[in-house]
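Asks: Below is the structure I would like to discuss, written out as structure tokens.
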Amino acid sequence: MFIRNNRRSKIVATVGPASSSPDMLRSLFLAGVDTFRLNFSHGARADHAEVYRNIRALEQEHDAAIAVLQDLQGPKIRIGVLAHGRLDLARGSTIGFILGREGGEGMNDIPLPHREIFEVAVPGMDLLIDDGRIKVRIMEVMDGRLVCEVLNGGALSNRKGVNVPGAVLDISPLTAKDREDLEFGLELGVDWVALSFVQRARDMIEARSLVGDRAGLIAKIEKPSALDDIEDIVRLSDSVMVARGDLGVEIPPEDVPGKQKEIIRACRLAAKPVIVATQMLDSMVSSPTPTRAEASDVAGAIYDGADAVMLSAETATGAYPVEAVEIMNRIIEKTEKHKHYRPILEATEPDVAQSPPHAVATAAANVAVALGSPVVVAYTSSGTTAARISRARPALPILALTPSEQVARRLNMFWGVVGVRSQDVHTYEASLIHAQQAVQEAKLASPSDHIVIVAGFPFAQQGSTNNLRVVQIAATDNLEIA
């Protein structure tokens, strides 16, 4: 049984050309990766399937639960093909967006094949092009034409991306390609599905109707309108990703750190794991060491209470994928050992509405710390019990025992949780004995240690966390389930 017990926060790494071989996947896993991300914006399905199979082989090799995250591309809002392939936009000049895929009659006409933008356009609205590098303001709205003033100019080429900050577009977050990719991923057996271009809570309902309970559903927060609807989006999702790249284009950069903290707090309140992503160690795409600002960025997300931090290009296409994971692993370790880490986590603990399951989970964390227990054991069929304990952020690992292999994998996204597939137990006495065996096999506790065991009775009833027991571990030879 492979157990990672050097830190509580988790690492997500994106697989790409630099990291897709079996040997590289193994190196990344041993360096600290907890979840592998398959980015369906790039690569063929056959390539993703091969990577998936290699991850599952790695899982068997190390007797570990490894999660696989499928990240769907989502709709891409782009300009069309310019009449001359390039347009130099000068600040203060006037341009026109025309509805269509190819350039119009005027030299400064830019094709925009997205009627939904024309439907919401109003004078004074800003459009951002090429990741925000070019900024224009709508001056006049005509039938099939938007007359704009260039605020920030530059050279524009074909099919550059367009962002419409502050507007909610009448567009589904799932394209035809996404729906096909989603079904492919679910058939493959992915554990998490990340939904791009989430604008409002109802987008999650549409996705849930397709995913069901076959995978955990992650809402990527990259639109300002999603921030306005964040509580309902968190409620309807299983996890949230703070996608700071697109979000940082659509809101002022100075607003991103505060919004990151708000999203993390909302997720912790709901006991849902939150991933902080984008450009965390971006310089390591081409450099063997990160900038000091990047190291501080990773540490800041850990201090904020993030469940996981994510590497994108660093591991997908970078020259130093293993080094990026190793450094991120060390940053997390150092941060979690810092004298200010625990006080900050405790000061930001959310005020949760009391219920018996929440009270038991919180008590388990507190009792374990008070007794100096090395581990909390959580029996869970759906993952809810372990998630509730994780929300309390106890200073010790949470060993989640579940009969479901997929639940075990998903739980490894949660702060402090070690998900392990275990035998199904049906009696109270059997649960106590099996917990003692499991913590010793995982090398998380030794004979004579006191451990805290949390479960719900009757067994296999989702959300029924109602029992807490402190047990002193007996020697393995003296443990036997009748």
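Keep in mind that glycine also has a Cβ here, set from the backbone N, Cα and C atoms.
I grabbed these lines from Swiss-Prot:
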BINDING   Arg37, Gly245, Asp246, Thr278  substrate binding site
BINDING   Asn39, Ser41, Asp71  K(+) binding site
BINDING   Asn39, Phe40, Ser41, His42, Arg78, Lys160  ATP binding site
BINDING   Glu222, Asp246  Mg(2+) binding site
SITE      Lys220  site 'Transition state stabilizer'
Asks: Under a three-state reduction of DSSP output, how is His42 (ATP binding site) classified: helix, strand, or coil?
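Replies: DSSP call for His42 (ATP binding site): coil, neither helix nor strand.
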Asks: Which of Ser41, Thr278 (the binding-site residues) has the most other Cβ atoms within 10 Å?
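Replies: Output for this query is Thr278.
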Asks: Using a 10 angstroms cut-off on Cβ to Cβ distances, just flag whichever of His42, Lys220 is the loneliest among these recorded positions.
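Replies: Taking His42, Lys220 as the recorded positions, the minimal 10 Å Cβ count falls on His42.
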Asks: Using DSSP and collapsing to three states, where does Arg37 (substrate binding site) fall: helix, strand or coil?
Replies: strand
Asks: Given that the record lists Asn39, Phe40, Ser41, His42, Arg78, Lys160 as binding ATP, what is the largest C-alpha to C-alpha distance among them, in Å?
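Replies: Result: 20 Å between the two most distant Cα atoms.
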Asks: Only counting partners 6 or more residues apart, tell me which same-chain residues put their Cβ under 8 Å from the Cβ of Asn39 (K(+) binding site).
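Replies: When sequence neighbours closer than 6 are ignored, Asn39 (K(+) binding site) has Thr14, Val15, Gly16, Asp71, Ser312, Ala316 within Cβ distance under 8 Å.
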Asks: Rounded to an integer, what is the Cα-Cα distance in Å between Glu222 (Mg(2+) binding site) and Arg37 (substrate binding site)?
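Replies: That comes out at 18 Å between the alpha carbons.
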Asks: Would you mind ranking the binding-site residues Asp71, Glu222, Asp246 by how many other Cβ atoms sit within 10 Å of each Cβ and giving me the lowest?
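Replies: With the binding-site residues Asp71, Glu222, Asp246, fewest surrounding Cβ atoms within 10 Å: Asp246.
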